[in-house]
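Report on the following structure.
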Amino acid sequence: MQRSNHTVTEFILLGFTTDPGMQLGLFVVFLGVYSLTVVGNSTLIVLICNDSCLHTPMYFFTGNLSFLDLWYSSVYTPKILVTCISEDKSISFAGCLCQFFFSAGLAYSECYLLAAVAYDRYVAISKPLLYAQAMSIKLCALLVAVSYCGGFINSSIITKKTFSFNFCRENIIDDFFCDLLPLVELACGEKGGYKIMMYFLLASNVICPAVLILASYLFIITSVLRISSSKGYLKAFSTCSSHLTSVTLYYGSILYIYALPRSSYSFDMDKIVSTFYTVVFPMLNLMIYSLRNKDVKEALKKLLP
């Protein structure tokens, strides 16, 4: 008998394993990662706000990325921690919808924001004399606002379409959060139009920003090759290396999950990759942007007694 989506009051999240010992081990690992993410990103945001030396476009974007990663991780990890140690693996229909909406909105926003950072790096390296004028605080704020608006507008579209399906099968989600592909597996009805829309949103929100990032780095490489001194060359490379590492890890994870042909898709492998970009990546992003950064280290020394 079919059940329409309004009769589904909750979903069951299978998570990673049913073994109690392994669940406890995962709880400890995820708690440690989440604690580092919260403390580290919060500290970085405070440093950027308090230290005038960090009041530059580059650190403005870094601070916003830290805020986004902090928010992004908080959408998933608290529920994952509860699921690991609780007998109750359920999530309400409204809770699943909210988790889906915010996760999609923040994921899309990060794609746009990473593209904005790439543009900032391009201007800093290719047009250093015009950098302060070109990357004004108004433009930086506008780029961040557009990133969030674009992300959440598109998230509203895909959330509405996804949760308008009739969930006529079991309400068991083979994942640790309310992700797109496991939810679509539970839905019944014609999905052809939905899949077209899904891949259109993937192209417009993920592929297009990736193309902009690639174009920015092609221009950056062209500019770097014109630098005669090895010191200037290394400085330009170090300016971009952290961002390029972050982009590669983030886009690689997303494209692996959502862009692979359906026949090669594995829910078990998806769980591992999803864990990386939802839980681990926000912590890695913090390390990538701050641990090797001399300005951040100096600001931290000033803050600590």
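Placed from the backbone N, Cα and C atoms, the Cβ positions cover glycine too.
The N-linked glycosylation site annotation in Swiss-Prot covers N5, and the record cites sequence analysis as its basis.
According to Swiss-Prot, the transmembrane segment annotation covers 25-45 (among others), on the basis of sequence analysis. Tertiary neighbourhood of the transmembrane segment (25-45): same-chain residues 16-17, 62-63, 66-67, 69-70, 73-74, 77-78, 80-81, 84-85, 279-280, 282-283, 286-287, 289-290, 296, 300, selected by CB-CB distance under 8 Å and a gap of 6+ residues from either end.
The topological domain 'Cytoplasmic' annotation in Swiss-Prot covers 46-53 (among others). Sequence-distant contacts of the topological domain 'Cytoplasmic' (46-53) (same chain, six or more residues past either end, CB-CB distance under 8 Å): 59-60, 62-63, 66, 295-296, 298-300, 302-303.
Among residues of the same chain six or more beyond the transmembrane segment (54-74), those with a C-beta under 8 A of the stretch's C-beta atoms are 34, 37-38, 41-42, 44-45, 47-48, 102-103, 106-107, 109-110, 113-114, 116-117, 120-121, 124, 131, 135, 137, 140, 144, 278-279, 281-283, 285-286, 289, 295-296, 299. Annotation comment: Swiss-Prot describes 54-74 (among others) as transmembrane segment.
On its own chain, C96 (disulfide bond) has E10, F11, I173, C178, L183 as residues at least 6 apart in sequence with a Cβ closer than 8 Å to its own Cβ. Summarising the annotation, Swiss-Prot assigns disulfide bond to C96-C188.
Among the features that Swiss-Prot reports, transmembrane segment is placed at 99-119 (among others).
If one looks beyond the topological domain 'Cytoplasmic' (120-138) by at least 6 residues along the same chain, the residues whose Cβ comes under 8 Å of a Cβ in the stretch are 57-58, 60-61, 216-217, 219-220, 222-224, 236, 239-240, 243. Positions annotated as topological domain 'Cytoplasmic' by Swiss-Prot: 120-138 (among others).
Residues or ranges marked as transmembrane segment by Swiss-Prot: 139-159 (among others).
Taken from Swiss-Prot, the feature transmembrane segment applies to 197-216 (among others).
Mean pLDDT, taken over the topological domain 'Cytoplasmic' (217-236), works out to 74 on the 0 to 100 scale. The topological domain 'Cytoplasmic' annotation in Swiss-Prot covers 217-236 (among others).
Non-local neighbours of the transmembrane segment (237-257) in the same chain are 107, 110-111, 114, 117-118, 121, 124-125, 181, 206, 210, 213, 217, 220, 224, 270, 273-274, 276-277, 281, 284-285, 288-289, 292-293; each lies 6+ residues outside the stretch with a CB under 8 Å from one of its CB atoms. Swiss-Prot lists 237-257 (among others) with the feature transmembrane segment.
The feature transmembrane segment is assigned by Swiss-Prot to 271-291 (among others).
The topological domain 'Cytoplasmic' annotation in Swiss-Prot covers 292-305 (among others). In terms of DSSP secondary structure, the topological domain 'Cytoplasmic' (292-305) contains 10 helix, 0 strand, 4 coil.
The number of other Cβ atoms within 10 Å of the Cβ belonging to C188 (disulfide bond), over all protein chains shown, comes to 13. If one looks beyond the transmembrane segment (271-291) by at least 6 residues along the same chain, the residues whose Cβ comes under 8 Å of a Cβ in the stretch are 16, 30, 33-34, 36-37, 40-41, 44, 62, 65-66, 69-70, 72-73, 75-77, 80, 103, 175-177, 179, 242, 245-246, 249-250, 253-254, 256-257.
Residues of the same chain lying 6 or more positions beyond the ends of the transmembrane segment (99-119) and with a Cβ under 8 Å from any Cβ of it are 58, 61-62, 64-65, 68-69, 71-72, 75-76, 79, 91, 140, 143-144, 146-148, 150-152, 154-156, 158-159, 162-163, 177-180, 183, 205-206, 209-210, 212-213, 216-217, 243, 246-247, 250-251, 254, 278.
Under the three-state DSSP scheme, C188 (disulfide bond) falls in the strand class.
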